[in-house]
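Novice: Structure incoming, see below.
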């Protein structure tokens, strides 16, 4: 009987290669400086370029410079939620243990970025539209995304048994992913006050290259920064999990707890 | 340049958020690394950053 591995088996084996926390911690420690330093340099260059050297818009004037902060945040708000949905698939289909921990860490960062996207959008809208907020399709769908992040954060911590929280939050992340195409296409499907996309995969950008380049640099810097923060939080999460498992294991528990009490780490004890 | 307060508020908000998240993550990582090293030392193992028994234990406690 020849049982050749199926696609699902091969994909599961690939994903579980990094389910090993030790292997992940090594990979994370190696990746961290390669994410952090380029993120700092590119973000500072992009924002400095956008703030001081890029031209003002002929209609919007200098307030167009808010774009160099707002657009990267909007991109990361959607991408972060897409990452949550991928983690949900990895968790529900392959029971990948790091996918659950990654979902725990991505949620708060994604929520902060989405809140910043909404706030900077309001700060851009007030001088341009004359109002902080309108119930426009794009704005409302991003607000829904923010509530989905908050729901995910609350749900994943809502159960005494973490596995139940992971499972419930994964289902919410998958169901909420339907909001992503709504956000993307809202400016095409409905008449909105929000401007249509200036950059698309299929057409040439409708903005000047003098604005496009600082925007791309800033977006790349923000993206690497997002990844650096998530990797750092995930490394810390894996270590905290390890600490909890060491504290709850019976072997030499008394001496370990005494050592932790001395080092002020008692609050991590379960 | 009447839009300057809006621009400064947007950049300030993004900068404050980036600092809050990155410093928070760095401090949390440093604290957990120290605590794990203390624990591992109490158990008679080498301090780890993913190089010892952490890898064999699995995430599930």
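One-based numbering along the chain as shown.
Quick reminder: no glycine exception, Cβ is built from N, Cα and C everywhere.
Bear in mind that TrEMBL entries carry predicted annotations, made automatically and left uncurated.
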Novice: Can you say which of A:11-31, A:74-94 is given as transmembrane segment in TrEMBL?
Specialist: A:74-94
Novice: Can you name the far-off residues of the same chain, 6+ from the ends of the transmembrane segment (A:137-156), with a Cβ under 8 Å from a Cβ of it?
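Specialist: For the transmembrane segment (A:137-156), the far contacts come to 74, 77-78, 80-81, 84, 103-104, 107-108, 110-111, 114-115, 117-118, 121, 165-166, 168-169, 172-173, 176, 179-180, 182-183, 186-187, 189-190, 192, 194.
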Novice: Going through A:106-125, A:168-190, A:210-234 one by one, which has the most CB pairs that fall under 8 Å from the transmembrane segment (A:74-94)?
Specialist: A:168-190
Novice: In the same chain, which residue numbers or ranges, 6 or more beyond the ends of the transmembrane segment (A:168-190), come under 8 angstroms Cβ to Cβ?
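Specialist: Those are 78, 81-82, 84-85, 87-89, 91-92, 100, 103, 107, 137-138, 141-142, 144-145, 148, 151-152, 155-156, 158-159, 196-197, in sequence order.
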